[in-house]
Amino acid sequence: MSSEPVQPREDFTAVPDIICNAEIPDPFDQPGSLMQEEVFVISECPSHSQDPLAEQVFIGSTSSPLHSLDPLVEQVPIGSTSSQSADLFDTRMESLKARLADLEKQFVQRTEDPQLYMPAPTADTETPASQHDAEDPVNMQVAVSSAVTKLKDMLAGMEDLRKKTDAEVAQELEAIRAARAEAEAAAAEAKAKAVSIKPSEIVAPILTDMVRIKLYLPRDCEAYTAQSALVPTLKRKRCELDDGFDNDHRPSPPVSAQAIALPVVEGKSCCGSFSPLTPPTKRRRTVRILQGIAKTTAIASVGAVAAWFQRNIGVSAHIDSGKTTLTERILFYTGRIGAIHEVRGRDNVGAKMDSMELEREKGITIQSAATFCDWEATLPTGEKEKYAINIIDTPGHVDFTIEVERALRVLDGAILVLCAVAGVQSQTTTVDRQMRRYDVPRISFINKMDRPGANPWRVINQIRTKLRISAAAVQVPIGAEDQLSGVVDLVKWKAIYNKGEKGTEVVESDEIPAEVLELAKEKRRELIEQLADVDEIMGDMVIMEEDPTTEQLSQAIRRATVGLKFSPVFLGSAIKNTAVQPLLDGVCTYLPTPSESLVTAHDTNLPATSPPIPLTPAAAAPLVALAFKLEEGRFGQLTYMRVYQGSMKKGQFIHHARSGKRVKVPRLVRMHSNEMEDIDSIGPGEICAIFGVECASGDTFTDGSTSFSMTSMFVPEPVISLSLKPVGLETPNFSRALSRFRREDPTFRVHVDNESKETIISGMGELHLEIYVERMRREYKVECVTSKPRVAFRETIGKRVDFHYTHKKQTGGAGQYGRVIGYIEPMEMDPETGKDVQFESFVMGGTIPESYIPAGFYEAVEKGSLSGNQVCRVRFVLTDGLAHAVDSSELAFRLAAIGAFREAFAKAQPMILEPIMTVEAVAPSEFQSAVIGGLNQRRGTIIDSEVREEEFTAIAEVPLNDMFGYSNNLRGATQGKGMCQGYATC
């Protein structure tokens, strides 16, 4: 090794090894440390932020996974949070400062000496590095001076950076990247030649001119690494977190994460990250440390990091599957309510989530209801973690499908509840389509395991075949029907029992009951096989004939569930208070966080064809929120919102994206069914409600700094109408009620018939309209008379037809002239947007002015020529045309488009469509022929049937027009023993 002195680069800092060799006790060996759940506060350890030398002290660890990520960020700070470590560190600093003061005169005489690194020892004499520092303390003083100088330079550099344009900043970034590459090469050379800094301890000097530094916390790093790598570095550098996770372990990495990592005082930004697969204990300590930073510095955003412990879920199912009963138990076990009440209000109280009087009378959910709770989950590894859960309970009846639609639009996950006896029913398939439309991962819960005839394995097979999603049980029941006593967890391999009054005590046992041991082994193998089909890592383990550990199995379930490839199936009985707590643990373990849900928005300043912009759930990001439900409250209009990005505060001005208006948030609340809890602010990923903001369902709100707009929810078209007339004189309350209902429910439509002048209301079914008529009587004291329901038919075409149509009219003066050429063809409805009418123009060369092109087409499809009903599932394509310089106008082309459409429509095999409902009828087996005969009389087509012991189920597709009064007829034909389980639109 050469003995020539090494000239240091200006971005390297020499560190005396008296600091590097300091023996700092492990803080986790000390009582009261973070291992004992103490929340670390940065300001209690001034040595990290006040001593310039502490800015440059790093200890390398070649065995750490940190080194494989970035060679320039592979050093770990030495700082410690324990008081003993801090005292020892301060003692070393004071001793060092005293020695430097004594040698100040010598330092002045040697200021012109350029040597900062001690020469390497010769082969004959090897001098320890610590001896060099003792003989030449100038190195230590230069390190101090260098640190102070660099800090001033960085402050000045930041001011310059703020004044530069984006192009200048981009150019400077490129220069920094080039300097970084050069520095890496120089660092290797410097490490090889430097002796005063031990290569085994300091593996790379730090670059002080980097614009962005990323510090990753690997899955298998020690908790001490998390503490020492993230906390002191983030504090010293005064960086903002961009809330990113390790992208290698994310199904959908947030590409916008770097955009919100704002440069701060030193011109640096730092990403404190950890993988979603990091063990919970290490995540908890890291999050608490980061929260400590946020409280003491007021510059760190820990939105997405804290959001890891948050879940936004919905509870959806077919009617009478036990959704509200399950939600009632969830609220009771989480401590949100103090007592359990009957859903149908038999105890004169009713379920908490059914706050409407009609809901308690009929025993069904009519409106979705939101609430929130906290749950300390027991994870598969045995560790406990506290989670915040937002819950929306949704209706199960097809008539109130819009409530399910807008709830799923803003949720990150869902619980799909199924009956252990009935299995997958008609509305279950509708809910499944809605979950797929919004890419909502789900876990399945087979409820009513205590009922006679319960067969969870048949239901799981129906999930696979009818819903077409891979599914497997993660539990096996202990006992059957009324002997149900608990479940066996196939992941943790433990028996779980509910003890105590109302099942509040959960008892876990390592001993699996002998009567279910073989079944549990079989179902665990089945679970692994199902996962191997959808998860690559689990598939490799199966090929290698490896038995997965508890953690590996739970991680595979989570990956497949979040990736929409798999649904873990839980078993239990909500009414019997059995296995509800393990379901809550599954919600926290397997459903995604707000950070893992890929949510996008469109920039209205960009072309419509531009790609959507991903949103990041960070408090420091610009606000983006979506209004998904309106409700008339005692204090005015109540608007339910989901905050996707940024934060919303009471008194804040927000921007209404559709109207461009700037409105103030006068009151901010969190909902617990019909109760409200006032709050001052709400963060990203949360659900809240605000008063006094005029808007519609699906509107986007921002803070005004962006022009983002989010896609609204899918709104189905009404299928049934009836005329409505108030008894006596029409009062203002009649119009007021209709206006309110129409504003709250997008599927409720009101119009006045042009010929009869009657008020016509339209909705999703008989029950839907009956509920609104009854609410008008109860809430507005308006008695109404209704007519017989009328079904909304539609018209469409069966083949493609070309058109070449000219509209020409001359009456003196300016006439009317317009020629349109193109074709119409059938199309399928877009399942995401519900759009079933489309206009496209391929006109080139300006033969038709742009403002004239779409005129008339949308007017033409409003009324078909067969029955006068709306035309659907048709695409109108314009390929050419001709305009006159004087006689052409928008009116002329509107009439030309109407004429062309009607002419082509008559030749395109026009047909009338009517709504078809999937009907599920259940009756005793002796009435099988009566049930099938009744469905055939109503033009029904039997598509499936099933006989279970003494019960018969028939599933048929029946025109809606023939379904009025079917429930009463079915009960009459079966001596009151038959019932209609529900309808679903085909």
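The backbone N, Cα and C atoms fix where each Cβ goes, glycine too.
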Given ranges 86-113, 478-505, 702-729, the stretch to which TrEMBL attaches the annotation coiled coil: 86-113
Secondary structure of Lys323 (GTP binding site) (DSSP, helix/strand/coil): helix
Cβ atoms near Thr394 (GTP binding site) (within 10 Å, other residues, all chains): 28
Least buried by Cβ count (within 10 Å) of the binding-site residues Ala317, Lys323, His397: His397
